[in-house]
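The [2Fe-2S] cluster binding site annotation in TrEMBL covers A:Cys92, A:Cys97, A:Cys133, A:Cys137.
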Amino acid sequence: MLRVEEQQPVEFSAALTEKFDEIVKRYPEGKQKSALLPILHEVQAEFGWLSTSAMDQVAAYLDIQDIEVYEVASFYTMYFLKPQGKYVLEVCRTGPCCLVGAEKLMEHIEQKLGVKEGEVTSDGLFSWRGVECLAACGFGPVLQIGPEYTFYENLDEKKVDDLIEDLRKK
Amino acid sequence: MARKLLLEHINVPGINTFDVYRQKGGYRAVEKALKMTPDEVVEEVKKSGLRGRGGAGFPTGMKWSFLAKPEGVPRYLVCNADESEPGTFKDRYLMTYIPHALIEGMIVSSFALGAKTSYIYVRGEMMPQIRILERAIAEAKNAGFLGKNILGSGYDLELYVQPGGGAYICGEETALLESLEGKRGNPRIKPPFPAIAGLYGCPTVVNNVESIAATVPIINDGGEEYAKIGIGRSTGTKLISASGNLVRPGVYEIELGLPVEEFIYSDEYCGGIANGKRLKATVAGGSSVPVLPANLTLKLANGEPRLMSYESLSEGGFATGTMMGSGGFIAFDEDQCIVRNTWNFARFYHHESCGQCSPCREGTGWMEKVLHRLEYGHGKMSDIDLLVDVSKKIEGNTICPLGDAAAWPVASAIRHFRDEFEWHVKEPVKCLDTNYGLANYAEPIAKVEVSTEK
Amino acid sequence: MSDKVKVTIDGITVEVEPGTTILNAARQIGGDIVPPAMCYYSKLEGSGGKCRTCIVKVSKGSEKDPRPMPKLVASCRTTVMDGMEVQNITSPEVLEARSGVVEMLLINHPLDCPVCDQAGECDLQNLGYEHGLQKTRYEFERRTFERIDIGDKIQLHMNRCILCYRCVFTADQITNKRVHGILNRGDHSEISTYIQTAVDNDFSGNVIDVCPVGALTDKTFRFKNRVWFTKPIDAHRDCPTCSGKVTLWYKGEDVLRVTARKDVYGEVEEFICNTCRFDKKKTADWVIEHPTAVSDTSVISSNHYDTLKPLPVIQDNPKLQHANKIELEKTSKF
């Protein structure tokens, strides 16, 4: 269970709430709760993760109870309930990718970044984790990086090293 | 060369844009359908014999005809683009390269069903595809194929893309609808089925991306023409996602009825097993379907060649057959470990179980733990039968098919590869750095087994 | 009435209203053929279908379409059709599947009945007794959670939870705000408030009564006594918030706890408010009615009720009444 006081309150910009308004228009009147998943993606893209403060504001915006947001955010794997690195490398760890070397690649990433799965590097730039099938089995091993979920296919150690270097330079 | 209906223009530069897609004959199906009545469109799809491409293989036209049509209640079409079945990546491919094929299919299908608002539920990880579809929708709307009074027909349609949040279970149609309503992806208890009470309690049809895209050639050429392709009740073409240890993995459009052997070894398709190795096993239709050893993959129990069709792949029941599923074809070479892969899949289902009903919530975790123990050399002989028993306790007793999908790979792996599981128990140290190998799994089948299981 | 539908369960035919579920049709028959229900709760809309303990076999779909249903179905969520034939305890397949479900429910359950307040009135305990195995086949560490106080009167012991969702439905349907829910997914799912919030509401205490196991317990009763040492007595008071109809659980002269009145299937008859449940623990607060009827098979009935239920022949015969004077005085006390 979380302690609320550990978190800083966040503020939604006008641009962000405008995006919310656009999203809500997609659904029939009174069904604004449908906007919850897309809105949480927008919030996460903005802040990097979903703090309680952010989720409570989403609940208020959609006129639903706070717990409904927590329930949804904790159900789906894409939502981070803890702060992450700026770049989260999500490597597919499911069968077909493992047939072509995903497990070795994850070991390599762990060594390269020097942090375990789910941890953040000391510079705050990177974290990584294994995720389940990303539906690109023919092009494995694969990884993706949020918030736009840019996709990297047919990876090997060299390609991953280059990718990490490129991101460091950004 | 086999006929291509969905991927015919895949290599045309700019086919992902409206203009090029239109030049290549795109949106003719919309023009044609809007001059028909909705019932006539449904009739064409029925005649085509098209079967749902998402996994269950239920006839699409029949599914459409079940849709309730009460007065004054909106109806919805929701496209299931939550492609997450391990081994399946055809929908991502289609949406990336020919997004307008899906948009066109959505307009035709929505018109047939009388839906005025339709949603494409795309898994959240496919954010680039979501952007591609959003752009394609804007293009189509600009050209007058979406929005109010489409092509002056009086038919209005709004089409939206909805992102998921990362949950395999949302590929189950009622979980998808829950998720689209902004809730946890817990499958609903049926009945009522979505055709009666789906999205927001209104009549709803949920169809896979490929099924919807297939309505385009069906309307263009007519259902009867479509039904001429394929074999028996497996009509038309099917996208097969080929992965694993193949020379050329990727997405292939095949005419149903193609021999499995030709699909694996011919240069037109996968080009054989990578690195000159031999085939050990396949999963023919996505991770949920039973795994088969090489000999049963290529041949039926009676020695006839096995074909890529709904009927031929399931020939022999689960004793010697498997399923077409979603067309996720995974090939394992002789150096792959079946125990390890079964554990990997079990971990997947454990991770993806929604946790709503007890057999799946508890059973998937239990199977994963036992398989982990076997893979890492701590297993016992009795574990093998325990796994079979636990899988039976899950199968058929859950709210949704995820329980079955978790049980079948484990049960089938033990059914066909028991030797390898036993070897893991007998050689707890050796199994950590060597594999059981090909053994006799590619040898011709000695005797015809009689199907006793369903 | 002609518009009733006929359903046969384990060979016993009953006529019920259309739309009735198999489970409720079975309850109309009563007795051993009633499937056990861990998550279904007739007073909570939308409940049921999840635990899978009530699964039955439909061997004949209906008069019109006599085909059997391909899979076992959850009787709590399957409505009867005219002419339907159902097998529950007469089907070995059902009993085997049910024992499988019970095994699944128990593999991660702590089995800490000796220290659990729910012991003696626990649905899972009863279910395990009737359908469970003697030994567990599960050889891994059971999942554990921290104990949490949700509010000062209710303790959540998540280890024991079977995720029936009843408490979630209760909060949704009989309180005005829900602050707890199901977090995470799969076998990591848990009932939680996510942030430290007290569940504070006039009717929140009802989650204790609907909980089929000892996951939500009454902190004012915690470790006070074993239920089978206490005597349940029905009583009522004039309550401005709820019906005020309760069961008082006595040990000697003391009211150890107050609960809603429960029917033969363990469901509350009427939800009660927190004031009645937590704050009215003196006999003087209540108008005493009579001893609560407790099933003969319940451990709660042991040692108590022989004397409280005089045979009719005694009630009618003055001589016998005189002979049983002492026993009858005990009875009239309550």
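Glycine too: its Cβ is placed from the backbone N, Cα and C atoms.
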Provide the list of binding-site residues among A:Cys92, A:Cys133, A:Cys137 whose C-beta sits under 8 Å from chain B at the C-beta level, in sequence order; use 'none' for an empty result.
A:Cys133, A:Cys137
Counting only residues 6+ apart in the same chain, whose Cβ is under 8 Å from the Cβ of A:Cys137 ([2Fe-2S] cluster binding site)?
A:Thr94, A:Pro96, A:Cys97
Going by DSSP, is A:Cys137 ([2Fe-2S] cluster binding site) part of a helix, a strand, or coil?
helix
Give the helix, strand or coil assignment DSSP yields for A:Cys92 ([2Fe-2S] cluster binding site).
strand
Any idea which of the binding-site residues A:Cys92, A:Cys97, A:Cys133 has the thinnest Cβ neighbourhood at 10 Å?
A:Cys92
